[in-house]
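K.L.:
The structure follows.
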Amino acid sequence: MKLHHCLSFLLVVTLVPAALSLEDVAPLGANQSSYNASFLPSFELSAGSYSGDDVIIVKEGTNVSLECLLTVDQYGEVHWYNSKGQQLHSRGGKWLVSDNFLNITSVAFDDRGLYTCIITSPARASYSVTLRVIFTSGDMSVYYMVVCLIAFTITLILNVTRLCLMSTHLRKTEKAINEFFRTEGAEKLQKAFEIAKRIPIITSAKTLELAKVTQFKTMEFARYIEELARSVPLPPLILNCRAFVEEMFEAVRVDDPDDMGERIKERPALDAQSGIYVINPELGRSNSPGGDSDDGSLSEQGQEIAVQVSVHLQSETKSIGTDSQDSSHFSPPSDPASAEGSIHHRVSI
């Protein structure tokens, strides 16, 4: 319960009983006194009471004395009646009728109402007066105020306790995170697990509020946890299975012919020992006897193949070319640079 809500409730509780008491003490125009015009009534009241024309207002617990004074030589017998129509006898106690006096001892809230005095001789006359009692004992406003104060006290204690618990938890969590950043090695992983136990899972509004407070350090801690998870070694069985699958894919991998040329262009320069060359298909077939055996394959559609060759020095290349010309009567190539194997060609098979 918020403070301004509690104050508003206290204000309402204070004003409602005041309005009820004003309703009780308001004069009623409907209660008109009826009396004989030949008699002038008068009432004598005790201290602490208030007298109006036909309404008497007294506080609860006070004593009141009503006297009916008539301008006649002799009084006849006076009878008093309450608002319920019951005649009040002069037997003492709370209601005391003495001559023309009505004494009420310790007025209660239930005594409010219309009181009538009647005189039967020498002439019949009557007079009515309304008695109003101000309610002072057992006030409901006090009850509501006590209930409101108790509820406010309980709410305040719960809020203060919750704030203290959250503050303590935040201080401990921040201290653990700072220690985590200062540790290194295997101890850091142990600190990480300790912090993970302290950080709650966001499942309600309270834990969401806690997460907002520690959002920055929690995210920073999560990044460290990810790095540590990458450094944790996998089980040997998983590692062997992964290596086996990688070797299997390497064995059955088939290169796409359309992407072969692009990959060769992007490949870095070959070292001086070996390389892969693509032979140009526009270049004519050799005049070797082995080549004459499959002349019909010239009309077939060309395909690209990867040929792995070894690169020799220039002197070795010239000697090899001379020996091959003497033995096989090969025609020398038009481009001398092709003998060194420094360019790429395509061949049709």
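Just so you know, glycine gets a Cβ as well, placed from its N, Cα and C.
Annotations for this protein, taken from Swiss-Prot, read as follows:
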- 1-21: signal peptide (SIGNAL)
- ASN31: N-linked glycosylation site (CARBOHYD)
- ASN36: N-linked glycosylation site (CARBOHYD)
- ASN63: N-linked glycosylation site (CARBOHYD)
- CYS68-CYS117: disulfide bond (DISULFID)
- ASN103: N-linked glycosylation site (CARBOHYD)
- 140-160: transmembrane segment (TRANSMEM)
- 161-349: topological domain 'Cytoplasmic' (TOPO_DOM)
- 311-331: compositional bias 'Polar residues' (COMPBIAS)
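Tell me what's around each of these sites.
P.N.:
DSSP assigns ASN63 (N-linked glycosylation site) to coil, not to a helix or a strand.
Taken residue by residue with DSSP, CYS68 (disulfide bond) is part of neither helix nor strand, so it is coil.
For ASN103 (N-linked glycosylation site), the count of additional Cβ atoms within 10 Å of its Cβ stands at 17 [all protein chains shown].
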K.L.:
Counting distance between Cα atoms, which of the recorded positions ASN63, CYS68, CYS117 is nearest ASN103 (N-linked glycosylation site)?
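P.N.:
Smallest Cα separation from ASN103 (N-linked glycosylation site) among ASN63, CYS68, CYS117: ASN63.
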K.L.:
Whole-number answer please: how many Å between the C-alpha atoms of CYS117 (disulfide bond) and ASN63 (N-linked glycosylation site)?
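P.N.:
Their Cα atoms are separated by 19 Å.
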